[in-house]
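Listed features, source TrEMBL:
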- 129-152: domain 'Glucose-methanol-choline oxidoreductase N-terminal' (DOMAIN)
- Thr135, Val268: FAD binding site (BINDING)
- 305-319: domain 'Glucose-methanol-choline oxidoreductase N-terminal' (DOMAIN)
- His545: active site, proton donor (ACT_SITE)
- His589: active site, proton acceptor (ACT_SITE)
Amino acid sequence: MRLWLGSLVLCLFSLLQSSRGQLLVDLLRDFETSLLNTRIPDTSRFLPEYDFIIVGAGTAGCVLANRLSEITSASVLLLEAGDQETFISDVPLTAALTQMTRYNWGYKAEPTANACQGLKEGVCNWPKGRGIGGTSLINFMLYTRGHRRDYDDWAAANNSGWSYDEVLPYFKKSERIGIPELYKSPYHGRNGPLDVQYTDYKSQLLKAFLKSGQELGYDITDPNGEHLMGFGRSQATIRNGRRCSTSKAFIQPVVQRKNLHISMKSWVTKLIIDPLTKTAVGVEFVKQRQRFVVRARKEVILSAGTIASPQLLMLSGVGPGDHLREHNITVLQNLPVGYNLQDHITLNGLVFVVNDSTVNDARLLNPTDIFRYLFAGQGPYTIPGGAEAFAFVRTPSSSHAKDYPDMELVLGAGSLSGDRFGTMRNLLGITDEFYETMFGDLQNRETFGLVPVLLRPKSRGRISLRSRNPFHWPRMEPNFMEHPDDIQAMIEGIEMIMQVARSKSMVKMGTHFHDRPFPGCEHLTFASQEYWRCCLRRYGSSLQHQSGTCKMGPIGDPSAVVDSGLRVHGIRKLRVVDASVMPNVPAGHTNAIVIMIAEKAADMIKNTWRMRTT
């Protein structure tokens, strides 16, 4: 049955993308829902009180629900605004397709001065997962943890317990490494529920890219091992060639636990906080147009993500006092909720022509590759979001330690020029006019992309309320590249990409840069610093690693929202556990980091209440 469903989604893929019609989207949605929405029991009758209420079944919420329901004496309610995952999100290569579905909240940020101005509507798309598994349902599955120094810096800022040596066991706890040469590594776990693997597919381009790194003086490394700096193959959360979401890893194996209730399509509108004792006592949510209030005996745990967690706190009276009063919200605790917003910045559209074969939409319809994937879980369809490898490098102007990379270079097995069906364009907000101008004559050429990613941004944005209505999006102000050092680092990252492309190994494959000027920047000297500034201002965008809006820090830190135990300052029995608590975003893809945070938080909660797994 699963193979038949998989073949159906692959066959419909071409129709869906070529027609780009909403009718087929709706038909596919209804079909998958009717067949597969019986896998996770959906609670509709609630206990009046639970020990723990988890708001949000995203990456963190799934981990918490699994670990806290290990306590057989504890009752756990997991609330999720979305639905459960289905086969449509399984195929790693077509990750961008998933972001056209109901599993994406479809956020759009406010206009920002130094990025996204040439994208659709002049704003950045911020896809965020909506469903059991959250953003792990729609992300590109890349698994990197960041640098040791990231966590040591957290600990040095008086966040006890968060040094690298203290968080490494939690990375390992969740992981089931499927890479034989890393089985004996002290940096990897073998027995966790989350599969981390290489794709079996290795192109000639991958081999040339890794060799180019050696030519430039870098080692080929395990990015999750002792050293982050270097070139390496993509490690990804895939299981036998298919997406391994946190729903698959942490929820589906435990759905029959009697003490775990999971309620889908449940939109939390408010945290209920006793104004006299400043204690979180429950939550209010809407399901099937009915309002429910459920109480928490021990804790409410907010895991709604970097955008929704601060929004819910502010709607509930926890946030910047002046801002809450603007919206006639009673201030229960004055805290800098919503500030400290950080993200990893990128620039798409750097395309290189090559002599060897690459991956593009036309090749997706190759029957050999389709059947190889369906029956063996192998081939190009297993490439996570098309990202075959990455390099962690240090830009020349970096002020960080010599072993600390501040830039990631991601190798795409294909490029934007091969996006004939428009899936990637839709995700990034690239206009059809940009695509036709830049790549219209590359339809039959073999191309690949290299993408720079700023790992240590100095710019900070903000999440704030647009209104008191919990069903309205908050204001999302990214302030990308507001700090001049961020722009300089990105320019140097682009120049390092050009250096990689000029290496002997890459030139041997006939690699040359598609040096057509980006629309809107033609008037500037090509490849000059001013030209790249223009490209970044018009087409720079987000890698979707938003974090930091409920910053972790000690009570004396005026920018902190939660303490090192992730408890909200001044509010009892309320924690935040998701990407919003990061003081500074690590130099890694945030999915792995959020899983670690939730694993550690689960142990802290168990210790607080002296509750042990039986």
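Placement of Cβ uses the backbone N, Cα and C atoms for every residue, glycine included.
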Whole-number Å distance between the CA of the residue listed as 'active site, proton donor' and the CA of the residue listed as 'active site, proton acceptor'?
7
Helix, strand, coil residue numbers for the domain 'Glucose-methanol-choline oxidoreductase N-terminal' (129-152) per DSSP?
9 helix, 3 strand, 12 coil
Below 8 Å Cβ to Cβ and six or more residues apart, same chain only. Which residues does that give for Thr135 (FAD binding site)?
Gly58, Thr59, Pro127, Lys128, Gly129, Gly305, Gln544, Asn591
By a 10 A CB contact count over all chains shown, which of the active-site residues listed here is most packed: His545, His589?
His589
Pairwise CA distance, Val268 (FAD binding site) versus the residue listed as 'active site, proton acceptor', rounded so that it is a whole Å:
27
Helix, strand and coil counts within the domain 'Glucose-methanol-choline oxidoreductase N-terminal' (305-319) (DSSP):
11 helix, 2 strand, 2 coil
The domain 'Glucose-methanol-choline oxidoreductase N-terminal' (129-152): mean pLDDT?
96
Around the Cβ of Val268 (FAD binding site), how many other Cβ atoms lie within 10 Å? Please give the count over every shown protein chain.
25
